[in-house]
Amino acid sequence: MHEYALLLLSTALVNNVVLVKFLGLCPAMGVSKSMDAALGMGLATTFVITLAAAASWMLEHWLLAPFDLGFLRILSFILVIAAAVQFTEMAIRKMSPALYQSLGIYLPLITTNCAVLGVALLNVQQGYGFFKSVLFGFGSALGFTLVLLIFAGLRERLALASVPAAFAGAPAAFITISLLSLAFMGLSGLVAT
């Protein structure tokens with residue numbers, strides 16, 4: 001049990017996919033202008049990453065590795081991710097049309113979010129079993145959502161502040177996410193590798 005909690009904590013905080021591995025920066029910058037959109041995108045991405053981690057583990061261990069089809073890994077993982085995103089998009093459109101509208105183009109772009117593919121490929125590289133792979137995907141997705149929410153909150157506060165014209169918009173966002181990355185770097189001693 002301790003091992004699972006440690007894996008979840010380390011993937012969410014210490015080895016964060018956005019701030020340590022630099023995966024998923026595009027949606028982090030694009031959807032983080034409001035807390036509602038960031039929460040919706042974070043939850044949708046959490047579902048997709050967790051589902052993709054489970055599906056890619058099964059695909060790798062039941063089809064690709066036994067038949068020596070490793071050269072099809074990236075292509076097959078992208079197809080699995082696209083199917084998971086389509087399922088998520090249909091569910092969000094049906095359950096919450098307002099959230100579907102607020103996410104806009106970023107919802108179908110989860111398919112091309114490098115964090116989703118990166119987590120699936122890292123799962124294969126780490127060699128985890130099924131449960132640990134799903135937990136790794138879920139922890140990575142929680143870390144992505146956490147960064148998205150913190151960054152959205154900081155950007156909302158920054159929008160109310162008087163920022164010099166030279167730093168308004170993207171420069172302030174990049175400075176903010178770099179400071180957030182430094183804050184998360186302080187957690188690096190939390191889990192021994």
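Just so it is clear, glycine is given a Cβ too, placed from its N, Cα and C backbone atoms.
Feature annotations, reproduced from Swiss-Prot:
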| type | residues | note |
| --- | --- | --- |
| TRANSMEM | 5-25 | transmembrane segment |
| TRANSMEM | 39-59 | transmembrane segment |
| TRANSMEM | 62-82 | transmembrane segment |
| TRANSMEM | 102-122 | transmembrane segment |
| TRANSMEM | 134-154 | transmembrane segment |
| TRANSMEM | 172-192 | transmembrane segment |
Chain residues outside the transmembrane segment (39-59) and at least six past its termini with a C-beta under 8 angstroms from it: 24, 27, 31, 76-77, 80-81, 84-85, 87-88, 92, 96, 99, 102-103, 106-107, 110, 113, 115-116, 119-120, 123-124, 128, 130, 133-134, 136-138, 140-142, 144-146, 148-149, 152
Top Cβ-contact partner of the transmembrane segment (5-25) among 102-122, 134-154, 172-192 (pairs under 8 Å): 134-154
Within-chain partners of the transmembrane segment (172-192) [C-beta distance under 8 Å, separation at least 6 from its ends]: 6, 9-10, 13-14, 16, 19-20, 25, 28-29, 32, 147, 150-151, 154-155, 158, 163
